[in-house]
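Trainee: Before anything else, here's the structure in question.
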Amino acid sequence: MKMTKFVMAAVAAMVMGFSSQAMASGGGAHLEHANVDVTDQEQIRRGLTVFTDVCMGCHSAKYITFRGLMDYPEIGLTREEVDELRGEKSLMSGMISDLSIEDAVVSYGKAPPDLSLIVPGRRGGADYVYSLLTGYEHDPDGKVPDGNWNKVFPGNRIAMPDPISWLDHEADEAAELKQQAEDVAAFLTFIGDPHQNTRRIIGCWVMGFLLLLTFVLWRLKVEVWKDVKH
Amino acid sequence: MTDQANQSRRNFLYVAAGGLGAVAAGATVVPFIGSMLPAADTLAASKTEFDVSTVEAGQLVVIQWQGKPVFVVNRTAELLAQVDGHDDRLKDVNSEAIPEVQQDWMDTPEKRKYRAIKPEYLIVVASCTHLGCIPLFKPTQGRKDWGDSVPENWAGGWHCPCHGSYYDISARVVNGSPAPHNLHVMPYKYTSDTKVVIG
Amino acid sequence: MLDKIMKTQLFAWIDKRTDAEAIIKSQLTEYPAPKNLNYMWNFGSLALLVLVLQILTGIFLVMYYKPSAEATFGGFTVAFDSVERIMRDVNFGWLIRYMHAVGASMFFVVVYMHIGRGMYYGSFKAPRELLWIIGVVILLIMQGAAFFGYLLPWGQMSFWGATVITNLFGAIPVLGEYIGQVLVGGFAVGDPTLNRFFSLHYLFPLLLAAIVGGHIHALHVVHSNNPEGIDLHKPEETIPFHPYYTLKDAFGVAFFLLFYCYIVFFNPQMGGYFIEVDNYVPANNLQTPAHIAPVWYLTPWYTILRSFESKLLGVAAMGGSLAILFVLPFLCKSAVRSARYRPMYKIMVIMFFVDVIVLGYCGHSAPTATLKVVGQIATAYYFLFFFALPFLPKIEKTKPVPEGI
C-alpha cells in the first residue's frame, strides 16, 4: 500500500510538473509554484474546507456532488460529515452556492465561474489558482479600488474581491494564507479530474505490460527475419 | 547454435507473443464492456422513497424503482386470509428457489408466507418472472369478477396477460404457469411507521 | 497457426463459399512485399490501428454523449454536461474519452509521417498515382471528421473554432453565404450546428473505413514502393507479407502503443496541445477566448489562410494548398522515384517538411508582425515546392539507381 501511494505521488508530481510547466509557458504573468499533492487526503480535505467556507459563498462546483465527497477515496468523508455539509440539499446535488447567479451579477457585475474545471481550464492550472489568490496588491496607478487589482489576472482588474484577505495581511499570517491557497488549489486540481490517481496507477501497469509485449514482439520479429537474406 | 535450438526459441517467442496479445485483448475489453454497466450516478439514484399510507385498503399502486415497476398492495384481512389453503398448487411455497425471491427478514414461516415486512403491505417487483410483462391484479376469489381468464379454483392474485402466468395474493407463482419463479422481492426497509426506502 | 486453421474442415467449408484460401494467399502469405522496407513503412498499419481505435472508442462514447446545446445550470450545456458525466460517472468513461481525444491527435501524427514517407521515397509516382490520390481524399475526410468532432464537447475552442472555419466559406463569392448557412443551420453556430456536426462526425469515419479499404486494394494491385524507389523484377527481392511484415507491423504497433498509452494515462491534455485549456471552459457565444488557434494538426493550413490580406485569397490559398496534393503525381516528372538518388529533390523535400512544421508553429502562436512575415515566406515556399517540381528534371543530375535490392 505504501509503495503504491509512493509511486502514485511520484508519478503525479512528475507529470503535473511537466504539464503545468508546458501550460504556464503559454500564459502572461509569472506564476508562483503551488505545492499540490492530489494523493494527499489531508491537503484535499483542508482545501475542501476552504472551498466550502470561502469559495462557495459565490462559486459553485456543480460536477462534484455531495455523494462524490464520500465516494472518492481521496476525500473520503463519512455520511455524517456530508450530511452536515449539505444541509437540505440532495446527496445527488452538485456543490451549488447559495448565492444565485443573478444576485452575484447584481453584486459583482459578473457571474462567478463554476470551479469544477477551473484548474484544467486555466493556463498554469493549480499554479494560476494559487498565484491569483495570493496576487492581490494595491493598484500601482491608484485607479482600481483595493481588492479589485490582481497582478496575475489578465488585465489586472478582477471582479472577485480578495477572497482570503491577502491584501494588507499581517506578516505572520502570510504562511497560513499561502497554505490555504495551496490547499484549495489541491482540492480544485483533484475535482478537475477526479479519476486522475486511478488513471496513473492503471497507467503504470499498462506501461509495464507494454514494455514486456514490445520486447517479446521485437525479439520475435528479429528471430523470424533471420530467414531473410540480404 | 543448432537449428533445433533456434526453432524452439522461435516457438517460445510465438507462444509468449500470442499469450501476451490475448492478455492485451482481454484487458482492452474490460473498460469497454465496463462502460456499459450502470454509471455511478445511475447507481446512486437507485433508491426510491414511498409512503405506504397513501395506498387505500384493498388497492394496488404501481411505483417506479430503478426504472422498473413495483407493486405496493394494501392487503385487507380478507385478502390476507386468501394466502392460505392452496400450498399444494404453488411452485415455491416458501420462496426459497432463488435469492431474488427472498430477503433476510423472511425469518419466520409467517413472513415467508406473507412475503412482507408488514403483512398488510406487500411490496414486490411488478415484472412477471417469465418475460417481464406487468401482471394484472385480480384479487377476488373465483371467476365471478374475472370470467374464464382465471382458473375455476382461483384464489385471488395476479394474472399475466402475456403468456398466462398466475400468482397468488402473496405473488407466489401457481403451478402450470410459464413463469418459473415468484415475483421478486427487492430490498426495502421502513424508515418510519409508513415510509419505506426501496433499494 | 494460420496454416493449421486453413487445414480444418470449417475452413474448407468457408473456403468453398468465399474463396478464402485464395484471398489469404494472394493478400498475405504469398503477397510479395519488398524485403528492404524500413520502419517508415510501419505508419500505414499504425494509421489503420488508430482508425479502428477511434471508431471503437467513438461507438462507446456515443452511448453517453448528448448532442444538445440546451443551457443547463451555471452556463453549461447538455452536451458539455454529458462529456463531464462520461469523465466522472461512467465506468472507465475517462479512459475511453481520453483514448478518443488523444487518438485524434495521434491519428494525424501517424498519417503525416505516412504522407512524408510517401513524398520522400516517391511513392506517389507512376504507377501509384491513384493510390496517392485516394490517400489525399482520406486526409481531407480525416480533417473534416476531426473538425466536426472538435465541436462536440461544446467548449470555448469548439465553439469559436467552428465559428471561424464556417465563416471562411463566407469569402466565396455569391454562394458563400448559403454554404455557411447550410453548414451551421442558422445564422451563427448553435444547436442545429451541433446536431449536424454530430451526425457528420459519425458518418465520416464510416466513409473513411470504406475508402481505406479502397486505398489498401489499390496498394495491393500496384504493390509497395521501396526505399530505393525501383521496380522489382526478381522473386528473391520480395518476401511474403505474412509472417515477415505482419510481425514487423505487430512490433511497430506495440512500440506505438507505448507512446499512445503514456500520453493517455499520464498526460492526456499534452500540455494543452491535444485537449486545449480553453475547451474546459463552456462555450460562450458572447466572449471569444483571448488566444484562438485551431488544434495543432490544422495549424499549417491556418497559417496559409492568415498569410493573405484578402479573405478570398486566403481561403483560396488554403483550399489550393490541399488541392495541389491531388496533382503532385503529375507535377513530379522525374523518372527516378526515391529521394536517395535525387540530390536536389532531397533537399527540397526535407525543406518542405521543415516548412510545414514552421507553418504549424506560426499558426499555433499568437499573430505577431515577425511571425506573419515568417508565415508568408513559409507559405511561399509551400507553393514554390510544388511549382518547381515539373522543372526539376531539367536541372537535376540524378544519381544512378541500383539494378536490384
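Including glycine, each Cβ sits where the backbone N, Cα and C put it.
Caution: TrEMBL annotation is automatic and unverified by curators.
TrEMBL lists C:10-228 with the feature domain 'Cytochrome b/b6 N-terminal region profile'. What TrEMBL lists as transmembrane segment is C:39-65, C:95-115, C:130-152, C:159-180, C:200-222, C:243-265, C:312-332, C:344-361, C:373-392. According to TrEMBL, the heme b b562 binding site annotation covers C:H100, C:H201. Annotation source TrEMBL lists heme b b566 binding site at C:H114, C:H215. TrEMBL lists C:H220 with the feature ubiquinone binding site. Summarising the annotation, TrEMBL assigns domain 'Cytochrome b/b6 C-terminal region profile' to C:231-403.
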Trainee: Taking just the CA atoms, what is the gap between C:H220 (ubiquinone binding site) and C:H201 (heme b b562 binding site) in Å?
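Mentor: Their Cα atoms are separated by 29 Å.
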Trainee: What parts of the chain pack near the transmembrane segment (C:130-152), using Cβ distances under 8 Å and only residues at least 6 beyond its ends?
Mentor: 65, 67, 79, 83, 104, 107-108, 111, 114-115, 118, 123-124, 158-159, 161-162, 165, 189, 193-194, 197-198, 200-201, 204-205, 207-208, 211-212, 214-215, 218-219, 222, 295, 297-298, 322, 325-326, 328-329
Trainee: Where else in the chain does the transmembrane segment (C:39-65) make close Cβ contacts, counting only residues six or more beyond its ends and a cut-off under 8 Å?
Mentor: 79, 82-83, 85-86, 90, 93, 96-97, 99-100, 103-104, 106-107, 110-111, 113-114, 117, 120-121, 152, 198, 202, 205, 208-209, 212, 224, 227, 248-249, 252-253, 256
Trainee: Quick check for the class: what is the C-alpha distance, in angstrom and rounded, between C:H114 (heme b b566 binding site) and C:H201 (heme b b562 binding site)?
Mentor: 23
Trainee: What count of other C-beta atoms do you get within 10 angstroms of the C-beta of C:H201 (heme b b562 binding site), across all chains shown?
Mentor: 21
Trainee: Test of understanding: give the count of other CB atoms lying within 10 angstroms of the CB of C:H100 (heme b b562 binding site).
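Mentor: For C:H100 (heme b b562 binding site), the 10 Å Cβ neighbour count is 20.
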Trainee: Please compute the mean pLDDT of the model over the domain 'Cytochrome b/b6 C-terminal region profile' (C:231-403).
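Mentor: A mean pLDDT of 94 is what the predicted model shows over the domain 'Cytochrome b/b6 C-terminal region profile' (C:231-403).
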Trainee: Using Cβ-Cβ distances, find the residues under 8 Å from C:H215 (heme b b566 binding site) that belong to the same chain and are at least 6 apart in sequence, listing them in sequence order.
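Mentor: Listed in sequence order, they are C:L131, C:I134, C:G135, C:I138.
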Trainee: Just going by other Cβ atoms within 10 Å, which of the binding-site residues C:H114, C:H220 has the emptiest spot?
Mentor: C:H220
Trainee: Go through the chain and flag residues at least 6 beyond the ends of the transmembrane segment (C:200-222) whose CB is under 8 A from any CB in it; none is fine as an answer.
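Mentor: Beyond its ends, the transmembrane segment (C:200-222) has Cβ neighbours at 26-27, 31, 48, 51, 54-55, 58, 62, 127-128, 130-131, 134-135, 137-138, 141-142, 144-145, 148-149, 152.
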Trainee: According to DSSP, does C:H220 (ubiquinone binding site) sit in a helix, a strand, or coil?
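Mentor: Going by the DSSP assignment, C:H220 (ubiquinone binding site) falls within a helical segment, counted as helix.
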Trainee: So, three-state DSSP: helix, strand or coil for C:H201 (heme b b562 binding site)?
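Mentor: Where C:H201 (heme b b562 binding site) sits, the three-state DSSP reduction gives helix.
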